[in-house]
Ligand SMILES: N[C@@H]1[C@@H](O)[C@H](O)[C@@H](COP(=O)(O)O)O[C@@H]1O
């Protein structure tokens, strides 16, 4: 995995947005894999400005989001679809019908998971996948225990993930307990992966991902299996890495 250590959140966001913009400029039909959470908000802000100020064109691109909460209608204020609309889709020229987020309130969730995998395959696979990382090393909503052969499915959220995400809801009781998430195999199927992490709370997970053993207990460590991963972290998120990696 390629490691890029930058000063702070701002630099991380700019570097990541630059990589995405370069990809979309080189291949206008890029299939983007997108993530939610606090980490990529700054990257989306940068992408909006690269579109509005510098004319980066998304009109032929497509996007697939990693995950969505089970039970939330798309237009629920805390759904990941709403997050994407507010942070990115409403501000760039990516056609709405080319944006894909799993439908968390589908009547038949199993069919929805299958449909989502097929839609990704039909699009020719994901060209560049953006990831954040959970404090426990999860990617998407692939919690510890997720093996490398997992595809899009319904997953149960761990207590620590629900606690971390409770900040977006009025109370922890309102945080959904399940999600539809791309699997590790789906993520590893992307041609290129960019993982972002900022802040000290992520330092342990970043170190286990890069320097720990390859194990489903730390799902992000399974990214070691992929040939083209760029990890962009700020100094705080890099603080638990060995001196060898940091130099
Ligand atoms: N499903 C999302 C992940 O995709 C994200 O990486 C993680 C970390 O979020 P944050 O960036 O807010 O720390 O949160 C959620 O669990």
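Even glycines carry a Cβ here, placed using N, Cα and C.
As written in TrEMBL, here are the features:
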ACT_SITE  67  active site, proton acceptor
ACT_SITE  136  active site, for ring-opening step
ACT_SITE  138  active site, proton acceptor
ACT_SITE  143  active site, for ring-opening step
DOMAIN    12-225  domain 'Glucosamine/galactosamine-6-phosphate isomerase'
Cα separation, residue 136 (active site, for ring-opening step) to residue 67 (active site, proton acceptor) (Å, whole number): 17
Number of Cβ atoms other than its own within 10 Å, given for residue 67 (active site, proton acceptor): 22
Secondary-structure category, per DSSP, in which residue 143 (active site, for ring-opening step) falls: coil
Residue 143 (active site, for ring-opening step) and residue 136 (active site, for ring-opening step), distance between Cα atoms, whole Å: 8
Neighbour count (Cβ, 10 Å) for residue 136 (active site, for ring-opening step): 18
Per DSSP, three-state class assigned to residue 136 (active site, for ring-opening step): coil
DSSP three-state assignment (helix, strand or coil) for residue 67 (active site, proton acceptor): strand
Spatial neighbours of residue 138 (active site, proton acceptor) that are distant in sequence (at least 6 apart) but have CB under 8 A: 144, 146, 158, 161, 219, 220
Residues among the active-site residues 67, 136, 143 that border ligand 1 - Cβ under 6 angstroms, in sequence order: 67
Spatial neighbours of residue 143 (active site, for ring-opening step) that are distant in sequence (at least 6 apart) but have CB under 8 A: 134, 136, 155, 156, 157, 158, 161, 219
